[in-house]
Amino acid sequence: MLRYVFRRLLTAIPTLLVIVTMAFFLIRVAPGGPFNQERGLSPEIKANLEAQFGLNDPLWLQYVHYLGNLLRGNFGPSYNMPDFTVGELFARGLPVSIQIGASALILALLLGCLLGTIAALNQNKLADYSVIALATAGSTIPTFVIAPVIQLLFGLTWKLLPIGGWGDGALLNKIGPVLTLALPQIAIVARLMRGSMIESLRSHHIRTARALGLSDWSVVVKHALRGAILPIVSFTGPAAAALLTGSIIVETIFSIPGIGRYFVEAALNRDYTLVMGTVVVIALFTIVFNLIVDVMYAFVDPRVRYD
Amino acid sequence: MDASETILSVKDLRVRFRTLDGVVEAVKGINIHVNAGETVAVVGESGSGKSQTMMAAMSLLASNGEATGVVDYRGRNLLTLSKSELNQVRGRRISMIFQEPMTSLDPLYSIGNQLIEPIRRHRGLGAAQAREEALKLLRLVYIPDPERRMKSYPHELSGGQRQRVMIAMALANDPDILIADEPTTALDLTIQAQILMLLAELQRKLGMAIVFITHDLGIVRRLADRVYVMRYGEVVEEGEAEAIFVNPQHAYTKMLLAAEPTGIKAPPPPNAPVLLEGRNVEVTFKIGGGFLAGEPLILRAVDHISIRLKRNQTIGIVGESGSGKSTLGRALLRLLPSDGLIRFGDRDISAADRQAMRPLRRELQLVFQDPFGSLSPRMTVGQVITEGLLVHEPILSGRQRDLRAVEALREVGLDPNARNRYPHEFSGGQRQRIAIARAMILKPKVVVLDEPTSALDRSVQKQIVELLRKLQADHELSYLFISHDLAVVRAMADYIIVMKQGKIVEEGPTEAIFSNPQATYTQTLMAAAIDVTRFRLSA
């Protein structure tokens, strides 16, 4: 197993290199540069700035410099927020995004699995139809609708939650964004779980368990649920990577200082280093979480063995 | 225990399923009883309702099924028990083993864990005691190295071992009745014999009654005291096993007994030309390996095999699963990369690529085992069987192709109007006829038949064997007949190759192999298949 993890980490290096290279050159293909939007910037100052950041060097040299800095853990300065390096921006924003994302993910997994299981055990009955209806609603209503509705009801009408802001990480400030982020995920997990649980309940070894007179609890939880959870485990990898790296919609609507906004804003402003930093962070999260999922898979399913 | 005491009686049992096509009645008011300690066989072909009868008795029907009537176990009607009362009977007084040893155990828990669970549940033992019991049970069913096997997972065991574990689980609480639903059907011949012998021995030791649900009259002959013959959800005949074999009353029973394929195939004349020849054919598979993963494991599926198939000859290739018999068939048709020499007629096709093989494909046809998977469900039968003509005889007009389809369907004994219908509307036997028509429409010279009768009921098998023989006689075909079923091979082939682990263990004319097998392995196979000595002669 350790050998497998090591090998997977080794193969992550070329993967990352390809991603970084492609992102680096793709963003440069887009017209404009980091200092084009600044109004009133005299050509002399602009030239100065570009010279200072090495933007006048040939592209390949910039690429080599960037890779060298990256290897030393240096993401470089942000062009548009000159008071901060990209590293500092992440150090401030990432913990916020991770807190919100992880809470939403855990909520989604727990509630989604529970709802999906209840639906599967009552297939084609009222409880099942209710869960399906809820799941359909959850995955069709966009977050930019859910978020304002939560602000309106819980914040303005009932005055239970703050309307927005981070409040230095106060619990009440997190509820709105977590719910918004979790709802569509709950819907997806519930649907996945329902399907795989129905299939699991039909399998031959469940018939064996029933024929041996085992209790319903054992049949459902010990035997059926464990088999049904495998697709959820697979889903968790990419979902975790996406949730933990922040959401632009949720962070903008609730005014939370996460990193979700950086990707879009940086791309629009041609803030090359910030774009690259975001790409590297998301790629790293994706690779690591997929690896974690594969390792967890082996723990749940003994047929999966890596060596 | 009084040997004649009736412990289970099924009275006027009806099983219905609600389906999209309306209510289907699978069991239509049958009566069956089981006495203490006896062996009862419920015999029938697929769809006879034999399995559903016992599933209903155990309340294991699918959720759209419903049972009415009485299943009386020692004075209690199992059909009206509450779930917790029922769970006091299931696994404790009556237990069940199933056909699918591969999937009937939970893949995610160790053997020990799964064995201990029913022991603790029904007997209330502590973990350590239950573990001791589980070890005893593994020894009882002759699992080698039981201590180690307790920690194994189902996928680490062979099919036969898994079925032994199933039996151990079913017998864990010393039940009155063991229901065995086709317990050996999915196993290799020699393993089948071992499992049946084990069941007979356990019955002698433990004294439970056994209900065999089976389509295999060989099992009935060897093991059963009494027999119920079922068809279309009804019991058509019942009686002592001896009596049914010696003097069957019902026409259906007679047909079942006569369904064993018979007859022999005369060898082709000695000067018949060799059509397909393989010399030192070798097929290897690489397992694992790759970037950073080290050296792959090399598996030799076909290990230097030579074969000469003459015109109008049928070579039977016999072997158990994993022996390489299907791989050999595919390699000879150049569907798999292989080493060694392969000749078709006077052409060396050892190195022919797909392009070069294409014109030859029409003369080298293949029919598969699975009549359900091998026909495209979205094409009409007419489209399925004429598809090859589009490639090999592109000049034909649509009308001419249609005529050929009619001719081919007639030849395999199907109504030509069937060509506008879809495969799912046909039974297994009819689908296999369609698959044969698809091969025959191209007028091939060599047909590789890969277990063409294995998925079919005995009575249907016999018809397919007769059809294949007629086609061979009419068109001077050469067959490579791959099968694990010796009765069918004996009726089809004039020459036999016995394979084991990729090698030929014995070959020769059919009658010589059957009357005087030389290799020990062949003898074991023969004994497992043909010997009808009873395992247990009950009083």
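Cβ atoms here come from the backbone N, Cα and C positions, even for glycine.
What TrEMBL records for this protein:
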type	residues	note
TRANSMEM	A:9-30	transmembrane segment
DOMAIN	A:94-293	domain 'ABC transmembrane type-1'
TRANSMEM	A:98-119	transmembrane segment
TRANSMEM	A:131-154	transmembrane segment
TRANSMEM	A:174-193	transmembrane segment
TRANSMEM	A:228-254	transmembrane segment
TRANSMEM	A:274-300	transmembrane segment
Segment-segment contact (the transmembrane segment (A:98-119); the transmembrane segment (A:131-154)) at 3 or more Cβ pairs under 8 Å: yes
Any contact, the transmembrane segment (A:274-300) to the transmembrane segment (A:174-193), with at least 3 Cβ pairs under 8 A: no
Distant-in-sequence neighbours of the transmembrane segment (A:131-154), which means Cβ under 8 A and at least six residues beyond its ends: 115-116, 118-119, 160-161, 163-164, 175-177, 179-181, 183-184, 186-188, 190-191, 194, 247, 249-250, 253-254
Contacting positions for the transmembrane segment (A:9-30) when only residues 6+ beyond its ends and CB under 8 Å are counted: 59, 63, 66-67, 70, 267, 270, 272, 275-276, 279-280, 283-284, 287, 291
Positions on the same chain near the transmembrane segment (A:174-193), where near means CB under 8 A and six or more residues out: 99-101, 103-105, 107-109, 111-113, 115-117, 119-120, 131-132, 134-139, 141, 143, 146-147, 150-151, 154-155, 161-162, 164, 228-229, 231-232, 235, 239, 243, 247, 250-251, 253-254, 256
Residues of the parent chain within Cβ reach of the transmembrane segment (A:228-254), under 8 Å, 6 or more residues beyond its termini: 93, 96-98, 100-102, 104-105, 108-109, 112-113, 117, 120, 143-144, 147-148, 151, 164-165, 173, 176-177, 180-181, 185, 188-189, 192-193, 195-197, 199-200, 260-264, 278, 281-282, 285-286, 289-290, 292-294, 296-297, 300-301
